[in-house]
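**Q** Before we start, here is the structure in question, set down as structure tokens.
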């Protein structure tokens, strides 16, 4: 959430910043409400001053034994008007909050300006895509030929955009998650968490999924109780650990890693990636979350992104880092790097991790604060990124490590998790 004081003091700068996202926002409603608020605030303060003055007169009159009924009637009338003014101010606050809740974050000054993914800027590449001496198959064909990837049975059980992994492939999927967790905890200093897969609306509001993106979520109704939602990412439960908390400055940074399934309706996918495991309703992710001092968030963003890259390098998967342009960033992000892994069957790079710095945007929605060196509370900065998406990493291994005989070579770093197995072959 943006700071309402920023809108009040420099609305033009806010509008200019948000316009970089490619969708100019009409602030006429905000301006009209703000004008009414100022008038009402001034009138309320005048009425309060009048009431206080008249109340003193009443005391003086009564002290002299004189009639105070006329002045008391004036106080009563002022009280009625005050009550109406205060009620309207409360309504305006609700309207302001609704406007603020719908506004995305302002892109950082370092973010390239562009309207869509064509404006994204490549920062680096790592690894050289393999040259095959046989016809490359996509991950769906590779997995099905192994007899270990079954979309038909998954569709029977649940419908489209689900998969069923079997045998060695299921074990490889588990090995990937374990390897990622071990790396981030042992080498990168993260604390592992096991978090709820169902969260309340307040948690989704805090990280920015609600109210704008409810159609992307799976909602669980519970009779007359408040609904819960299946998490779209571990970012939601993990970041909300600091909701409504005041931390000590010494406690920062907080660095958490969490492996969860993620659930998304893919309402806005427009029929993309229907085949295979690229875009599913249920998929696993190992998520990195940091809560940091505001002065450290830019540095933390580079660190977190690099930690996700290290996983790809250990797996020997070619990738590139992209700086997302202003029009392609997520709602809550101030700056985002995407890591894209090479998929030979598609002959292109595809997103496997998105690493974002949210600045104070989420913290303001969550009221996640720390006490600074002047003993005053200040908003934290939050960051997160996939370290990595497990299913898409599995896809990349199936495609990049496939062999002419249909087998798949297991990356060396995963073999200890696979009982020393070097190759996945058809049963």
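Positions of Cβ are set from backbone N, Cα and C atoms, glycine also.
Keep in mind it's a predicted model, so treat the numbers as computed, not measured.
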**Q** Kindly point out which candidate in 287, 295, 340 is recorded by Swiss-Prot as part of the L-serine site with 233, 234, 235, 386.
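**A** Looking through 287, 295, 340, the residue Swiss-Prot assigns to the L-serine site is 287.
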**Q** Compute the centroid of the Cβ atoms of 233, 234, 235, 287, 386, then list the same-chain residues not in that set whose Cβ lies within 8 Å of it, in sequence order, for the L-serine site.
**A** 236, 238, 258, 260, 262, 285, 286, 288, 289, 384, 385
**Q** Rank the binding-site residues 235, 266, 287 by the number of other Cβ atoms within 10 Å of each Cβ, and give the residue at the low end.
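**A** Fewest other Cβ atoms within 10 Å, among the binding-site residues 235, 266, 287, is found for 266.
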**Q** If you measure from the Cα of residue 352 (ATP binding site), which of the binding-site residues 234, 235, 386 is the nearest?
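**A** Closest by Cα distance to residue 352 (ATP binding site) among the binding-site residues 234, 235, 386: 386.
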**Q** Taking the Cβ of residue 351 (ATP binding site) as the centre, how many other Cβ atoms fall within a 10 Å radius?
**A** 16
**Q** Whole-number Å distance between the CA of residue 264 (ATP binding site) and the CA of residue 233 (L-serine binding site)?
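**A** So the alpha carbons of residue 264 (ATP binding site) and residue 233 (L-serine binding site) sit roughly 9 Å from each other.
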**Q** Widest Cα span across the ATP binders 264, 265, 266, 351, 352, 353, 354, in Å?
**A** 19
